[in-house]
Amino acid sequence: MIKLVLLRHGESQWNRENRFTGWYDIGLSEKGETESRAAGELLKKEGFTFDVAFTSVLKRAIGTLWNVLEGMDLMWIPVFKNWRLNERHYGALQGMNKAETAQQHGDEQVLVWRRSYDTPPPPLEKNDPRFPGNDPRYATLAPEEVPVTECLKDTVDRFLPLWNDEIAPMIRSGKRVIIAAHGNSLRALVKYLDNISEEDIVGLNIPTGVPLVYELDDDLKPLKSYYLGDQEELQKAIDSVANQGKA
């Protein structure tokens, strides 16, 4: 049986401030540092080990992975960083407070922007300082690959080539894999693995810093999935994510 571990980064400073983060490269909060170290300790306690790791090019995910691997004494394993694992791009909402945005536009509209499958937030202008085309880490991307906004469908579309071309073949070869990424890039993968409908994906919330284990068959189809850790605390964390976009 194959086990794949998914981990949303620990709480970031902008998670703490309830701001839309997207591709903005903000670091972990003190709580996020603690969450990510605890995730590493929990994975080690539960007997997990890894041969290879994947993460995004954003430091909140990279830092989370470092803390996990340090706690597991696995800092020597190969780590692949790829922009396709970035959080979805929140367009012109990036940096804005979620509750204040809900007060301005209404809870229902913000829920659509945050959680719907195919409705992106308002786009950035390309002359906006927040436009990722100005960032050297994306210099090798084709112009059409650099987003000005994204919905979850866009995130799925840009993530799946990485899954199909790199991650899935590595899992099939017998490598034990951990993916440390973001709420929406992981929602994209969970939607794909579990074949969740466009309507039902709205209700899926992934908490920060809690390992999500997928047990897969040889065709990489899920047999079951579960979070590690205290289930009561887990539900509180999921509810907290769900309530972030409310006025």
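Cβ atoms are placed via backbone N, Cα and C, with glycine included.
Listed features, source Swiss-Prot:
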{"type": "ACT_SITE", "residues": "His9", "note": "active site, tele-phosphohistidine intermediate"}
{"type": "ACT_SITE", "residues": "Glu87", "note": "active site, proton donor/acceptor"}
{"type": "BINDING", "residues": "8-15, 21-22, Arg60, 87-90, Lys98, 114-115, 183-184", "note": "substrate binding site"}
{"type": "SITE", "residues": "His182", "note": "site 'Transition state stabilizer'"}
*Going by C-alpha positions, which of the recorded positions (His9, Glu87, His182) is nearest Gly22 (substrate binding site)?*
Glu87
*Any idea what the Cα distance is from Lys98 (substrate binding site) over to the residue listed as 'active site, proton donor/acceptor', rounded to a whole Å?*
16
_Under 8 Å by Cβ from Trp14 (substrate binding site), same chain, sequence gap 6 or more_ = Phe20, Thr21, Tyr24, Ile26, Gly95
_Per DSSP, three-state class assigned to Trp14 (substrate binding site)_ = helix
_Out of Gly22, Gly183, which of these binding-site residues shows the lowest number of other CB atoms within 10 Å of its CB?_
Gly183
*If H, G and I count as helix, E and B as strand, and all else as coil, what does DSSP give for Arg8 (substrate binding site)?*
strand
*Ranking the recorded positions Arg8, His9, Arg88, Lys98 by other Cβ atoms within 10 Å, which is at the bottom?*
Lys98
*Cα-Cα separation of Gly183 (substrate binding site) and Glu87 (active site, proton donor/acceptor), in Å?*
7
*C-alpha spacing of Arg8 (substrate binding site) relative to Glu87 (active site, proton donor/acceptor), in angstrom*: 10
*Return the residues near Glu11 (substrate binding site), defined as same-chain residues 6+ apart in sequence whose C-beta is under 8 angstroms from its C-beta, sorted by sequence, else 'none'.*
Leu28, Ser29, Lys31, Gly32, Glu35, Thr208, Gly209
*Counting every protein chain present, what is the number of Cβ atoms, excluding its own, within 10 Å of the Cβ of His182 (site 'Transition state stabilizer')?*
27
